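Enquirer: Pasting the relevant annotations from Swiss-Prot:
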TRANSMEM  46-69  transmembrane segment
TRANSMEM  135-158  transmembrane segment
TRANSMEM  175-199  transmembrane segment
TRANSMEM  273-291  transmembrane segment
TRANSMEM  334-357  transmembrane segment
TRANSMEM  373-399  transmembrane segment
TRANSMEM  421-443  transmembrane segment
TRANSMEM  524-542  transmembrane segment
BINDING   Cys566, Cys575  [4Fe-4S] cluster binding site
TRANSMEM  582-603  transmembrane segment
TRANSMEM  650-672  transmembrane segment
BINDING   His661  chlorophyll a B1 binding site
BINDING   Met669, Tyr677  chlorophyll a B3 binding site
BINDING   Trp678  phylloquinone binding site
TRANSMEM  714-734  transmembrane segment
Amino acid sequence: MATKFPKFSQDLAQDPTTRRIWYAMAMGNDFESHDGMTEENLYQKIFATHFGHLAIIFLWASSLLFHVAWQGNFEQWIKDPLHVRPIAHAIWDPHFGKPAIEAFTQAGANGPVNIAYSGVYHWWYTIGMRTNTELYTGSVFLLLFASLFLFAGWLHLQPKFRPSLAWFKSAESRLNHHLAGLFGVSSLAWAGHLIHVAIPESRGQHVGWDNFLTTAPHPAGLQPFFTGNWGVYAQNPDTAGHIFSTSQGSGTAILTFLGGFHPQTESLWLTDIAHHHLAIAVLFIVAGHMYRTNFGIGHSIKEMMNAKTFFGKPVEGPFNMPHQGIYDTYNNSLHFQLGWHLACLGVVTSWVAQHMYSLPSYAFIAKDYTTQAALYTHHQYIAIFLMVGAFAHGAIFLVRDYDPEQNKGNVLERVLQHKEAIISHLSWVSLFLGFHTLGLYVHNDVVVAFGTPEKQILIEPVFAQFIQAAHGKVLYGLDTLLSNPDSVAYTAYPNYANVWLPGWLDAINSGTNSLFLTIGPGDFLVHHAIALGLHTTTLILVKGALDARGSKLMPDKKDFGYAFPCDGPGRGGTCDISAWDSFYLSLFWALNTVGWVTFYWHWKHLGIWQGNVAQFNENSTYLMGWFRDYLWANSAQLINGYNPYGVNNLSVWAWMFLFGHLVWATGFMFLISWRGYWQELIETLVWAHERTPIANLIRWKDKPVALSIVQARVVGLAHFTVGYVLTYAAFLIASTAGKFG
């Protein structure tokens, strides 16, 4: 007899109901719970999946290069990047009639195509790509790389090539390898590519596989490097009149510290970027030699964590906080590690979103407004999922892996002991932010509706304006630090009366970029609305994690695992309080918050791009302004994507907008009606099926049963999330592309 799905759990495989399928899907990635799983096998499986993950990433990148080279217009786009729309790929659809074919034949193509809003054209152009042949070459190289990684994944599952558990637990070796090998050497390699290929190409000098070994990136060669005269590499930078990809106005410098933007491309100077990556490489290669491995030299992380002295002075531990036992706790819990990694990656992803538009590093991307909007929104959405995931795995760690004995008296136990104070402070700040921010918005709404807008309560963000002024923004007249030519920040060593980054002050005071945008009362209000969302999301997640092991209401909570619906009907108050429930609830708040973040960013930028900042400034101070002048006004083109007169090139976004709403609304069916309703419905359908001629010839092996409450919630949450993302993505791209192409 064939073994039934799932193979990883005999208990589930023998379940006579449809639970077998749903629980198997839920537990598929929970390797720890699989039959016969050992700790060593767990690490080996996860290690092998990393290779598969990398293979998928390389395959994806390869497919982008391949489709653009095959069906795109890269070579045409290069000639006029400000006006030619980049093509992602062709579309073939048997449903297209003549009007649709005409609508989607755009950007100089011969047939229907999709426009690229990912920024890959700008990226490839900046790093030195110039021809379709180069794109094809890159595509084939990445395809081979992906194959290599797939093979490596398979190889590391073979008995002879499976690393031992001790190898996985060697934290210092892994840290050295990741710091020096991955971060350090890859940054050095990237600096090398920029210096040897990208910078010469930006100056009109071709560097390819045919001549890269014979073309020196700097006229002085390596002599300044070996003689310690490194300043030579910064002399003679590109001039303000440099035309990108030509020799006109170009210099010879390869490592500079100019600051600001290239006047024509409005992106960071390539020579500054190369300098940055070289510095990162040096730092990380040094950092990758700091930890003690086989040679008995360097730091032992365990000793540092357990230390009670700091340069001879007695302390509680690192940062004068007791970290005893943390090393083993961290090193023996994959969930603890994953929680940290997701938290760090989440912060970095949000940080990337903020920097991609304010300090654009790719040529001309600052003027591709739809791409800017898409990239910002994409990275902020990714960030919230990573952050919520961090708390989820932190809670799983506390339920499954936390050992109270091992962590006696250290910072982990200290946080758990102070959980009431932490949770109540988060609650207080959420209530304060919520009532005050909503109160201000509603007050302003009412007075505007009554025809007395001058009675609005408008608060200038003076502290934020002060910070901007300190960085050199002179508009506010606050005369402090870099905005005051007589201050020590302005006149400081090494170059008196000449700011360290000559291009910085020009950039921060230019009205045409997104660096340190001018802010006022509308920004003050939406900032606090976003702060409310962030603090409430954090409250739900922190409470869920800190109460995951037990609460006053349910002291034995940890015995029920990470996700459970209730402890039976006889124990009141135990429903909806598992750590999983806090993850589930927090995601609604996280989505809510990222909505406000992206609404704010998009509306503010639409005004800047259209040269009409007054609309945001005047109408963002009351709720109706947001509803009417941002959401309603910008959905007009979207709703008109197709109408009785035919279709236009926004119609695909109009359909996606509708479809997104449909998916989103479907979520509520699972979120509002729970198990009893569905069980009755299923029983009725089964009864009808069994009594219907012909239909009753078909039977099923599994008895149909309704989803559990937790499963229904996850299905509802998935629909809510996917619908939310699709709806806003369509709105964002159509409303921006409809205005700017």
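Each Cβ is built from the backbone N, Cα and C atoms, and glycine gets one as well.
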Enquirer: Which residues in the same chain, at least 6 apart in sequence, have a Cβ under 8 Å from the Cβ of Met669 (chlorophyll a B3 binding site)?
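Expert: Same-chain residues close to Met669 (chlorophyll a B3 binding site) (Cβ under 8 Å, separated by 6 or more) are Gly716.
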Enquirer: Do you know which of the binding-site residues Tyr677, Trp678 has the most other C-beta atoms within 10 angstroms of its C-beta?
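Expert: That would be Trp678, with the highest Cβ count within 10 Å.
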Enquirer: To the nearest whole angstrom, state the Cα distance for the pair Tyr677 (chlorophyll a B3 binding site) and Cys575 ([4Fe-4S] cluster binding site).
Expert: 18
Enquirer: Pop the Cα-Cα gap between the residue listed as 'phylloquinone binding site' and His661 (chlorophyll a B1 binding site) into the table, whole Å please.
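Expert: The separation of the Cα atoms works out to 23 Å.
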Enquirer: Would you say the transmembrane segment (175-199) and the transmembrane segment (334-357) are in contact under the rule of three or more C-beta pairs closer than 8 Å, pairs 6 or more apart in sequence?
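Expert: Answer no: the transmembrane segment (334-357) and the transmembrane segment (175-199) share fewer than 3 Cβ pairs below 8 Å.
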Enquirer: Where does Cys575 ([4Fe-4S] cluster binding site) sit in DSSP terms: helix, strand, or coil?
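Expert: Going by the DSSP assignment, Cys575 ([4Fe-4S] cluster binding site) belongs to neither helix nor strand, so it counts as coil.
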Enquirer: Under 8 Å Cβ-Cβ from Cys575 ([4Fe-4S] cluster binding site), six or more apart in the same chain: what's there?
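Expert: Spatial neighbours, sequence-distant, of Cys575 ([4Fe-4S] cluster binding site): Pro565, Cys566.
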Enquirer: Under 8 Å, at least 3 Cβ pairs, sequence separation 6 or more: does that hold for the transmembrane segment (714-734) versus the transmembrane segment (524-542)?
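Expert: Output no: the transmembrane segment (714-734) is apart from the transmembrane segment (524-542).
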Enquirer: Including all protein chains shown, what's the count of other C-beta atoms within 10 A of the C-beta of the residue listed as 'chlorophyll a B1 binding site'?
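Expert: I get 15 for this one.
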